[in-house]
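All remarks here apply to the structure that follows.
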Amino acid sequence: GCGGGDDSSSGSGSDDKIVLGFSQVGAESGWRTANTKSIQDSAKAAGIELKFADAQGKQENQITAIRSFITQKVDVIAFSPVVTSGWDAVLKEAKDAGIPVILTDRSVDSQDTSLYVSFLGSDFVEEGKKAGQWLVDQYKGKTGTVNIVELQGTTGAAPAIDRQKGFADTIASDPNLKVVKSQTGDFTRAQGKTVMETFLQSTPKIDVLYAHNDDMGLGAIEAIEAAGKKPGTDIKIITVDAVKDGMTALSEGKINYIVECSPLLGPQLMDIVKQVKSGGTPEKRILTKETTFTQEQAKTELPNRQY
Amino acid sequence: MGEPSPVLEMTGIRKVFPGVVALDGVDFRLLPGEIHALMGENGAGKSTLIKVLTGVYDIDGGQITLGGEQVDFTGPLQSQKAGVSTVYQEVNLCTNLTVAENIFIGREPRKFGRIQWGLMRKRAAELLARLDLNIDVSATLDTYSLAIQQMVAIARAVDVSARVLILDEPTSSLDASEVAQLFTIMRRLKDDGVAILFVSHFLDQVYEISDRLTVLRNGQLIGEYKTADLPQVQLVEKMIGKELAVLEDLEDKSQRIRAKTADAAPILAATGLGRTGAISPFDLTIHQGEVVGLAGLLGSGRTELARLLFGADRADSGSLQIDGKDVTLRSPQAAMKRGIAFSSENRRTEGILGELSVRENIILALQASRGWTRPIPRRKQDEIVDKYIKALQIRPADPEREVRNLSGGNQQKVLLARWLITEPRLLIIDEPTRGIDVGAKAEIQKLVAELSDGGMAVLFVSAELEEVLRLSHKIEVLRDRRLVEELENTEGVDADRIMQTIASGATQ
Amino acid sequence: MTIIKHRLFWPSVILVALLVVNMFTANQFITVRDGHLFGVLPDILRGSAPLLLVALGMTLVIATGGIDLSVGAVMAISGAVACLLIKDLGNQNAVGSVLLIMAVAIGASLLLGLWNGTLVAVVGIQPIIATLILMVAGRGVAQLVTDGQIINVQSSPYAAIATGHFLSVPIAFLIAIAAVVLTVLLTRRTALGLLLESVGGSPTASRLAGIRARRITIMVYVVSGGLAGLAGLIYSANIKSADSISAGNLIELDAILAVVIGGTALIGGRFSIAGTVIGAILIQALQVTVVAVGVPSKATLLFKAVIVVALCLSQSTTFRQKVFGRFKSRPAVTAEVPA
Amino acid sequence: MTTIDATPATNKTPSPTNPRRRVYLPNTKYIPILATLTLLLIMYFTGVANYENFGQPSVVVNLFRDNAVLIVVAVGMTFVIITGGIDLSVGAVISMTTTLTATLLQAGWPPLVVLPAVLLLGSLLGMGMGAVIHYFKVEPFIATLAGLFLARGIALFINQSSIPIRDKLWKAMSEYRIVLADGVVTKITSVTAVVVVLIAAAVLAWTRFGRNVYAIGGNADSALLMGLPVGRTKIAVYTLSGFCAALGGVLFSINSTSGWALQGQGLELDAIAACVIGGVLLTGGSGYVFGSLLGVMVYGLIQTIITFQGDLNAAWTRIIVGLLLFGFIVLQRVVTRRAR
Ligand SMILES: Nc1ncnc2c1ncn2[C@@H]1O[C@H](COP(=O)(O)OP(=O)(O)OP(=O)(O)O)[C@@H](O)[C@H]1O
Ligand SMILES: Nc1ncnc2c1ncn2[C@@H]1O[C@H](COP(=O)(O)OP(=O)(O)OP(=O)(O)O)[C@@H](O)[C@H]1O
Ligand SMILES: [Mg+2]
Ligand SMILES: [Mg+2]
């Protein structure tokens, strides 16, 4: 069976079944795969027929997919935009065709907000802020500079830019907190490890590591251990995402703090789809229920993590 | 003297390649309305002189004046614009383009910037018709044999109305009638006042067409002579620096009687072997120690026949017996395993591997037949290679030189060496003497005779009838891709007889 | 003078320059700690192992005039297969089973190479497209194997191939060097190298010289697949997990770059394994240097561009002649035309 | 494309023109293209048979529209590959162009200045790479890879985030609808792509420049000895490719009314693949613009089928794309071989 594993190849005409076209960014990380799975599973559970398209990280593919959904006359379109800009034209086409659009996970910067009915997702800047705030709290009242290294996501990707910004803005309040090195780790474990190795080699003293996702943080932990240091103790580590592997490391004390960015948008999305289809107007901005985890919280939460 | 002033004058030309001084203080001049032959052994520097002249190579010293003005071409484009039209030694055309395009590229007839294909094809066909060549000009060049390609190159050069026409070994794979056509055209151009520089290793041709000749040896100028004043023997002496005496003993046919072959079982017997579109089914037997010559005109199918026997192309009819056993040759390796070797006429694309060294090129076939797991020990390689460099007088005698930097004739010798070291029982050589100088040609002929005396069978393909006649025990005559007759090479068989066979076949 | 003219002179100079930069930025360039080598230099050498292996196979493929885009996908598959099997082991630290599993993963990679080779040599598809198929589909397969998730393993013998030390030298680097030595022996001590260069130089001429071009072509793709598989194992052992999405992503480009920097021409023919080794280490060193000197990530690519431009110009004989050599009055038309 | 007619089928019969043969056998050099076209049609009708709404004309029209950028880029790439080169920088040039366009428009530059400026910049970059390739004899692969780093490096340096374009002209171009038939609408971008294809095909087939491109790809050394302007032509094709990529970038920016430094990542490979699928030989010397267009269509159609299938996750998407590609290429190979 392919992917979602459902057998209904194309809308066999049962009028009451809602058809949802969903264009996913790609499959760039385990987080994203969990996200995809959540959407596919909850569509099935909600009895919604899902047309799923994977854009492999390319905006042009997403535009193509959305257009194709319009051609296929789906009932609702949802997508996680690869980038923030550049959706006006295709969204207008959807609007003209009378198909409501829901944004998930990431937002768009269209000035005309009537182009989509709702945005369901997290706020990356907010995530960066949460990470920064924890750090500020940790070092409140202490003196002496704190050397921070940052593992950024893929250069140019929206979460990377926003998580960096939110973090930087927040820690600016404490002049002792200084980002001494910041380099992209491409959101991957291997890059996270390699870059961290070099950070360790080229920076005399590192107090804190801020990684834009768990995977890079996990890679960095390997590097830190190989260098004979204790992650979480010698170097404090903050990451974003809270995937299972990250939570495990957190509960083991190798990570100090994780800001959650939940991929499990499926159920919420299906609710909104049904609401839209039955003529309701959902809220324009629906934030996913997200939290943050300390090491203690992780221990209790860990058994519940499925992804 | 009442000589007109030269259109082209080169003085003190020097050209150095890494490790070789290809030209050293060479003077050369070309008068309007003359045909001037440039003579010298393989590697003497003839082609280099031509490339220096046309701007392909930078000069390291000396001066070139064209029409009284000093010139310094940066490339063939410039020299062509200045009225120097050139046919370089190896056919330098684009085989992926059509015949017509090859003739006209760079100067296509255009209307509003748009190429007029119809007109171009018409003109190309007309032009080739003047060379007695009726071929489809809209077919790509790679569908034609090397000889045809050479004719096309000539047609291209001749069609440009130039002051100076340079022909570097244009006749190397042409047969007599094509050569005659070419000479007619050359004479006409000469009468129009075009100065022609002509290179050939065929002394007869040189004496037939040229007015004067310049002799080079080892990159140095030996002298400039009126053709009429210099007897052949003396010319050869000047070219190679000593007298040439190898040919005499070959001339006597009576010695070339097949001693051992008469009763020997045939090595190879083809019955009704053929390939649609390439060569009609033919019968052929080759015995041990026998030299079989293939004679025919351009495109008569000699090459195609040879390729079938080597498995280079697959036969689609008939059967082949080797040592009495039926075999199907699916690939060259299959043929090599049975002791057959084949040296292609097209040495540039099917023969040498330009980037590899002389040594590597020579051992390649032997190595291939041994398989990659059994490398020939380096010492053994050096031994073999040295032996053949000496035997075939490959120059420069440096086994580590890249083959593409060798002169054309020397590349041919490398190829020959490649096959000789595999010690085949049947050696198929397609135009082995193409572009080879008189001395070396005689050596090769002698070698073939010796090999056959030693029991090797040879299938000898050459556009030069004389050569075929001199060496072969029997001659297979081909016409229109069909084997039309087999002649025992006895007294009374001569070039005329063969031409007759071809012609009479033609009237059938 | 002759050294300067050597093809690999300038790449080597740039490599040394990068290492020198790292010498100054790093806390330790190379020291011994806990009995093994430690510092930037060992890090670079260790880190370059996967690229080195992939580039090695790529060199052979390129020598025959081909190209292999599928190496990244093969890496992903091999890592995924290995981790999936190791995860199910009762005792993940059992050396024997882990070795067996690694052999299975490499076996699978060899098969993938065979697939490529068959498409190129038997079916006659242009190499770039033939291997593109596996490049696209292969990563899908890897994702399927891992179900799109990262598979973690806790196997110290497995981790050792990437992070362990043998005689105080990183094992990963030793593996890469062993592969290099083996390849050199295989190509230069047998006639394989010659036959490869011949096939790359001209398939037609090679066939007529009796070389089984088809067999050789298949073989190089198989070797390339196997080496990519090995690289995939090291990659995944390094992070003790199989990351089917990013393992070997875009590595084909780096590998080709390493080969070209090393002086092997993409049209086939002559190849230089020593050059590839320098090229691969250079690329790794460049990546490390970018981080070490703290180039901001938005300028990283520009920085790399400058180095690659410098490299590509230094590779050019004509450029060197024009800049360093005697100044000539006019550009040389250097047509490589046989006489 | 060209008006050259009947070549003898490769059986090399020396008989000159045999007018009758033309009726039976298509010209051998068009066989790959015809095979591709046939297979493409088969693929299309298979889609129509299997998916609801696949038969709508807008599917075909959207094929041009969704792939307008790829078409334009593949056209430039075709020229480069026919000369035996390769251009890896195209995707990066697209990103540079979109970023620059968006940045300049945002800074208030007049659109009619921005448009020629970015096109010029792309061409100049191409010309620079061509010059390095020709004068310094640097391998096209490495020279254009440097170009890739440079162009994307510039883009990232200018701005890492995506930048919206709010310029009126761009918006107007983006929204302008060209009604082909009732309910069948296309946009400026696809029309541009088609025009580019036509012009390029004409140039390649009917001009001296076009012939030189083929000659160089056939054998650059021979072309030089034949007195063709090898250097000029080589530099010109890279300039052209740079121009096409920049134009692709402009189309991109119109299509999405935004600029982004990561735009067009990996597009170079798609363009190369499209050319090769369309019968252009990477070794140079043979291929047609029209073939590359078909190659893009194959790519686009595979994409469309995947979306219509609609139940594939990332892993299966890749596998199915690979399988479809495989099936297509092997069939194409078999058909061409048979026909010869
Ligand atoms: N590109 C090159 N690099 C190095 N050496 C070269 C190069 N071209 C020619 N040579 C050398 O220069 C010498 C002269 O070669 P040239 O081709 O001019 O001989 P030729 O007289 O034309 O011989 P032939 O009759 O065999 O064609 C030879 O020794 C050859 O090896
Ligand atoms: N007069 C001709 N008209 C058309 N095609 C010709 C002609 N002569 C030769 N050809 C082409 O040349 C090709 C090669 O023929 P082949 O090599 O068998 O000839 P050959 O007898 O070896 O003569 P040579 O090698 O001297 O040209 C043929 O496939 C044919 O296409
Ligand atoms: Mg010569
Ligand atoms: Mg012949």
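Glycine residues also receive a Cβ, built from the backbone N, Cα and C atoms like all the rest.
The transmembrane segment annotation in TrEMBL covers C:69-87 (among others).
The transmembrane segment feature in TrEMBL is assigned to C:93-112 (among others). Under 8 Å from some Cβ of the transmembrane segment (C:93-112) lie the Cβ atoms of residues 70, 74, 77-79, 81-82, 85-86, 134, 138, 155-158, 161, 222, 225-226, 228-230, 232-233, all in the same chain and six or more residues away from its ends.
For the transmembrane segment (C:119-138), same-chain residues at least 6 beyond its ends with a Cβ under 8 Å from one of its own Cβ atoms are 61, 65-70, 72-74, 76-77, 112, 213-215, 217-218, 221, 252. If you look up TrEMBL, you'll see C:119-138 (among others) marked as transmembrane segment.
The annotation transmembrane segment is assigned in TrEMBL to C:158-186 (among others). Taking Cβ pairs closer than 8 Å, the transmembrane segment (C:158-186) reaches residues 32, 35-37, 42, 45-46, 48-50, 52-53, 56, 60, 82, 86, 92, 98, 102, 192, 223, 227, 230, 233-235, 237-238, 240, 273, 277 in its own chain, all 6 or more past its ends.
Among the features that TrEMBL reports, transmembrane segment is placed at C:216-235 (among others).
Residues or ranges marked as transmembrane segment in TrEMBL: C:247-267 (among others).
Summarising the annotation, TrEMBL assigns transmembrane segment to C:274-295 (among others).
When each of the listed stretches C:69-87, C:247-267, C:274-295 is scored by C-beta pairs under 8 angstroms to the transmembrane segment (C:216-235), C:69-87 comes out highest.
Tertiary neighbourhood of the transmembrane segment (C:247-267): same-chain residues 7-8, 11, 50-52, 54-55, 58-59, 62-63, 65, 67-76, 79-80, 135, 142, 200, 228, 231-232, 235-236, 273-280, 282-283, 308, 311, 315, selected by CB-CB distance under 8 Å and a gap of 6+ residues from either end.
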